[in-house]
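> Before anything else, here's the structure in question.
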Amino acid sequence: DLVALLLLSLSRYRGFTLFLTFLFYTSYHLSRKPISIVKSQLHRNCSTLIRPPNLNGTDNETWCDWAPFGESSDNYQTLFGAVDNSFLVAYAIGMFFSGIFGERVPLRYYLTIGMLLSGLFTCLFGLGFYLNIHSIWYYAFVQAMNGLVQTTGWPAVVACVGNWFGKGKRGFIMGVWNSHTSVGNILGSLIAGVFVSSAWGMSFIVPGIIIASTGVLCFFFLVESESDLLARILKEDNEKEPLLQNSSSNEIFSSPGQSNSISSEPAEEHTKAISFCGALRIPGVMEFSLCLLFAKLVSYTFLYWLPLYIANVAHFDPKEAGDMSTLFDVGGIVGGIVAGLVSDQTGGRASTCCVMLILAAPMLFLYNHIGQYSLATTIGMLLVCGALVNGPYALITTAVSADLGTHESLRGNSRALSTVTAIIDGTGSIGAALGPLLAGLISPTGWNNVFFMLVTADILACLVKGATPVDCVQNE
């Protein structure tokens, strides 16, 4: 029976698509993380290390550093900030255009090309170690190109998941699914940590190979939407029994209990893509975009600077600091799931975000002042801060984006999802670029000032979200 075959296939492919997109974006974040782990290896305190007797040169202060990051102890943080922002600024700019391309190019091809190119540029950064490259312009250029191609990931995977799942349990499902961000950060930290002290180039090359490999998987196995699956099944079935071509199509589209699935008719594929300005006019898009700007500023400052902060303040070696920083991401996994579950039950995405942001501000303050008192305190504070910081960030970039991208004002135009996602995440990425840049500029004056900046950004995120009357899209 064709209907039974469709329902079974839909159930299987829904879970399979969730797994595939989880794997894809895990690899995206996995390839971004190594730079934060390698920083403490590129600039080390050489006076505490034993210098090899056969090493040329006379500078006892920087012999173990990797130029240009170790040429001057006064500006290495600024150079790290420049490298970070080469990626993040390119990512922020590219994200606004990525969603537009994502609506007009098959998502399977778009993701495949993006992951292959991301793997290439990630490997090129690591090759700087083996080719003995010491130019800041090389590393900044490679990071900028990587930032551009990585914009292919987020709008595409959110659009895929949004195509397969309705709003009913979207917060919880996407909260669990969004743990790919933290899982990728954890795996990236652990993989980079294996090689950081011996050959830091491999800390980039191995993740580069992994994301390129997932690109190959995407090309062969991704099904973009239920309508694509329907078209495939009908095509295969019609080749066997042509008389079925027009017999039961309408029944399939209106099958009971599938309110969010194959109700998308093939004609919908020809719906006109929404304009950039049209997406901005959707209620809630601007407010959540600005909220994400400040929330992502905090999250990405931790992403890029937490291992170095732990190494400097707690005096851990690079590998230990990298391993310890993964606890922040473990907390982020829990925070994302809790935020999604609570928002599903209460029907208010904005309220959930505000509560977590309010709680995050004092926790960041406490972590800076008491977080290094003991190992147990460090672990506990990192888990709590990770949950409260990444919870709202995860909710806005997943369930909120998907809700707004399928807002009732769009009258069923599902092709707006990629553009709305790109606008929200693109605006957030401006904050992601500003955070590490400000951290690089402020950290020479003391880590207390960096945390003051983070607490301020967290409060602003809450105020921006609290100023809007839109409490996000209610559950269907």
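Placement of Cβ uses the backbone N, Cα and C atoms for every residue, glycine included.
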> Which stretch does TrEMBL mark as transmembrane segment, out of 416-438, 439-461?
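Going through 416-438, 439-461 one by one, TrEMBL flags 416-438 as transmembrane segment.
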> By Cβ distance under 8 Å, which residues at least 6 away from the ends of the transmembrane segment (136-165) in the same chain are close to it?
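Apart from its flanks, the transmembrane segment (136-165) reaches 13-14, 17-18, 21, 24-25, 28, 31-32, 35, 68, 79, 82-84, 86-91, 93-95, 97-99, 102, 107, 110-111, 113-115, 117-118, 121-122, 124-125, 128, 173-174, 177, 222, 224-227, 260-261, 264, 397-398, 401-402, 405-406, 414, 417-419, 421-422, 425.
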> As a test: from 12-30, 76-97, 202-223, pick the stretch that has the greatest number of Cβ pairs under 8 Å with the transmembrane segment (109-130).
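Answer is 202-223, with the largest number of Cβ pairs below 8 Å.
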> Using Cβ atoms only, state whether the transmembrane segment (416-438) and the transmembrane segment (12-30) have three or more pairs under 8 Å that are 6 or more apart in sequence.
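Checked: the transmembrane segment (416-438) vs the transmembrane segment (12-30), no contact.
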> Cβ under 8 Å, sequence separation of at least 6 from the ends of the transmembrane segment (288-306): give me the contacting residues as numbers and ranges.
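Non-local partners: 32-33, 35-36, 84, 88, 185, 325, 328, 332, 350, 353, 357, 360, 364, 385-386, 389-390, 392-393, 396-397, 400-401, 404, 423-436, 438-439, 443, 450, 453-454, 457-458, 460-462, 464-465, 472.
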> Mind checking which residues reach the transmembrane segment (177-196)? Cβ under 8 Å, same chain, six or more beyond either end.
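Hits for the transmembrane segment (177-196): 18, 21-23, 25-34, 36-38, 41, 161, 202-204, 206-207, 303, 307, 318-319, 322-323, 325-326, 329-330, 332-333, 336-337, 340, 386, 390, 394, 397-398.
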> Restricting to the same chain and to residues at least six past its boundaries, which positions have a Cβ under 8 Å from a Cβ of the transmembrane segment (202-223)?
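Sequence-distant neighbours of the transmembrane segment (202-223): 13, 16-17, 20-21, 23-24, 27-28, 30-31, 33-34, 37-38, 107-109, 111-116, 118-123, 125-127, 160, 188, 191-196, 229, 232.
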> List, by number or range, the same-chain residues at least 6 past the transmembrane segment (12-30) whose CB is under 8 A from its CB atoms?
111, 115, 118, 150, 153-154, 157, 160-161, 164-165, 173, 177, 179-181, 183-185, 187-188, 191, 207, 210-211, 214, 217-218, 221-223, 226, 229, 261
